[in-house]
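What follows is a short report on a single structure.
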Amino acid sequence: MKYIFVTGGVVSSLGKGVASASLGALLRARGYKVTAVKIDPYINIDAGTMRPYEHGEVFVTASGAETDLDIGNYERFLDLDIPPGSNITTGQVYLEVIRKERAGDYLSQTVQVIPHVTDEIKRRIRTAGENAGAEIVLIEVGGTVGDIESLPFLEAIRQFKFDEGDENVLYIHLTLVPYLGTSNEFKTKPTQHSVAELRSVGISPDIVMVRSKEKLPPEITRKIALFTSVRENRVFSSYDVGHVYELPLALEEQGLGKAVEDLLGLERTHPNLGVWQNAVRTLKHPNHEVTIAIAGKYTEMPDAYLSLLESLTHAGIANDARVNIKWVNAEELAEGDLETQLGDADGILVPGGFGIRGIEGKIKAAEYARTHNVPYLGICLGMQIAVIEYARHVAGLTGANSAEFDPYAPHKVIDLMPEQLEVEGLGGTMRLGDWPMELRAGTKIAELYGVPQGGTVRERHRHRYEVNPAYVGQLQDAGLVISGVTPGVQGRGAGLVESIEIPGHPFFVALQAHPEFKSRPMRPSPPFAGFVAAALQSGPSSAASGQTVAAEA
């Protein structure tokens, strides 16, 4: 097994995840079995209880792990499901080391960072690669070189080359080269200091990857090579591109894939990048355009909805369309002019979330979509919102609400799942991961998933609340279609409600699941692809003259 470690320097949020995922895509395109590991040096066990404003979205894997959003980047770029144990945190490592000490596994040794903590880190990395059956393991070390939290992880990856041999371990360091407009020059000093800092802990990078606004000129590349002792043909420019899916092509053009093969002693192979080239071509030169309004509460932090935004991009690729996002603050919708805020949208999407803030605005967004025949897609909370709105205004259940928002509501059409009543603690206790959805024949969602006669599909979940089975009959009598269920769930009659839709509407579909977590650039999520297709046909843009979009330069 080969190991590629990616570290970062100068500043955080340089894009190590996207750069690492792009390299993974190049290796996958060459036929290698690749997996990815993300190391997060925080003491949390996982990302599940973190604030979206601080950390971005929580990405849920098929196994139910609540992970860093970069795991989502790896799944999308590598087009595979990342196995359990691939998001390693300081909290996980120390919890296991302390458990072993209490169990007597260390046989009365003095437990220390070296070797006990570093050995546990190395064990977890190797196990992740073995579980994936990988030939090459990409390991991204979160944070910045020089952070005190990262030191045990840097020591562990330093030991890897000693343990595994030079030909099996590769170090890539991502740094920043800022451009100063006042002097019209790229500044390499931060990169020089960052590499020196990395060397001070015993790691010499084999490749330096540089984040910059533009592709670095040859003289700057030569300067970086000289002062970092890295060969010039192993200094790569990770410059700003129009879309992240262009980055694999930009790095391949510079020869990154070949350099990695050479350094790892692999035979050079030719990558098959046709699908990436086609996707980028559509992204840059779409023939159509559509505007989607997202009614959420984290609208100032797009990373809180990263997978959802990427899913809309994938749906745009499938429909040869540019998807423009209109962010709508759900709190402002509650008292605002809906026509002004939603009238120019071709489709309305209400995403997942927790808490009461902005709920009434989201309900108004669902009502607007229903009454104005605007395509609507509800995700997780967005489905619960649609059910509340329908119960209030169509089924005649005045005061209908969710027990999450109003425990004293006269009609709790959304209620806590019985399995959650005895749950203690917040971390890792929701209904998580892949669950089956049995889709009814003849429904819109069954058609979207390619099983018009009905069938079972699997999607990822992250929730504690569900449609109250006591109200399913009344909602159906009022015309709401329960189009998907998880069968065989105790106390749910026909099953736990997984999806709903409104017949006769151009597109009104909502799911309890999070299908955005399984969407890929070349395999878009069926609900998202169908939603964008409906928005293209039904929205204001479809009526505008000259729908074809001028090609971008």
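We count from 1, first residue shown onward.
Glycine residues also receive a Cβ, built from the backbone N, Cα and C atoms like all the rest.
Annotated active site, nucleophile per Swiss-Prot: CYS380, in sequence order. The Cβ neighbour count for CYS380 (active site, nucleophile), using a 10 Å radius over every protein chain in view, is 23. In the three-state DSSP classification, CYS380 (active site, nucleophile) falls within coil.
Summarising the annotation, Swiss-Prot assigns active site to HIS514 (among others). In the three-state DSSP classification, HIS514 (active site) falls within coil.
What Swiss-Prot records for GLU516 (among others) is active site. Sequence-distant neighbours of GLU516 (active site) (same chain, 6+ apart, CB under 8 A from its CB) are SER307, LEU308, GLU310, SER311, ILE379, SER525, PHE528.
Residues or ranges marked as CTP binding site in Swiss-Prot (evidence: sequence analysis): SER12, ASP147, ILE148, GLU149, LYS187, THR188, LYS189, PRO190, THR191, GLN192, LYS223. In the three-state DSSP classification, SER12 (CTP binding site) falls within coil.
Around SER12 (CTP binding site), the same-chain residues at least 6 positions away in sequence with a Cβ under 8 Å from its Cβ are GLY143, THR144. Taken from Swiss-Prot, the feature UTP binding site applies to SER12, LYS187, THR188, LYS189, PRO190, THR191, GLN192, LYS223.
Within 10 Å of the C-beta of LYS16 (ATP binding site) we count 27 further C-beta atoms, all protein chains included. The feature ATP binding site is assigned by Swiss-Prot to SER13, LEU14, GLY15, LYS16, GLY17, VAL18, ASP70.
The L-glutamine binding site feature in Swiss-Prot is assigned to TYR53, GLY353, LEU381, GLY382, MET383, GLN384, GLU404, ARG464; the stated evidence is sequence analysis. Using a 10 Å Cβ-Cβ cutoff, ARG464 (L-glutamine binding site) registers 16 neighbours. Under DSSP, ARG464 (L-glutamine binding site) is assigned to coil, being neither helix nor strand in the three-state scheme.
What Swiss-Prot lists as Mg(2+) binding site is ASP70, GLU140, and the listing cites sequence analysis. In sequence order, VAL6, LYS16, GLY17, SER20, ALA36, VAL37, LYS38, ILE39, ASP70 constitute the residues six or more apart from GLU140 (Mg(2+) binding site) in its chain with CB-CB distances below 8 Å.
Marked as domain 'Glutamine amidotransferase type-1' by Swiss-Prot on the basis of sequence analysis: 291-541.
Across the region 'Amidoligase domain' (1-266), the prediction's mean pLDDT works out to 95. Under the heading region 'Amidoligase domain', Swiss-Prot lists 1-266, citing sequence analysis as support.
Fewest other C-beta atoms within 10 angstroms, among the binding-site residues SER13, THR188, GLN192, are seen around SER13.
You'll find the Cα of PRO190 (UTP binding site) roughly 13 Å from the Cα of LYS223 (CTP binding site).
The Cβ of GLY353 (L-glutamine binding site) lies under 8 Å from the Cβ of GLY296, LYS297, TYR298, CYS380, LEU381, each on the same chain and at least six residues away in sequence. Within 10 Å of the Cα of LYS223 (CTP binding site), the following binding-site residues from the list VAL18, TYR53, THR188, GLY382, MET383, ARG464 place their own Cα: THR188.
Counting Cβ atoms from all protein chains shown, ILE148 (CTP binding site) has 8 others lying within 10 Å of its own Cβ. The separation of HIS514 (active site) from MET383 (L-glutamine binding site), Cα to Cα, is 11 Å. Comparing C-alpha positions, LYS189 (CTP binding site) sits nearest to VAL18 among the binding-site residues VAL18, GLN384, ARG464. In sequence order, ASN73, PHE77, VAL244, LEU247 make up the list of same-chain residues 6 or more apart from VAL18 (ATP binding site) whose Cβ falls under 8 Å from its Cβ.
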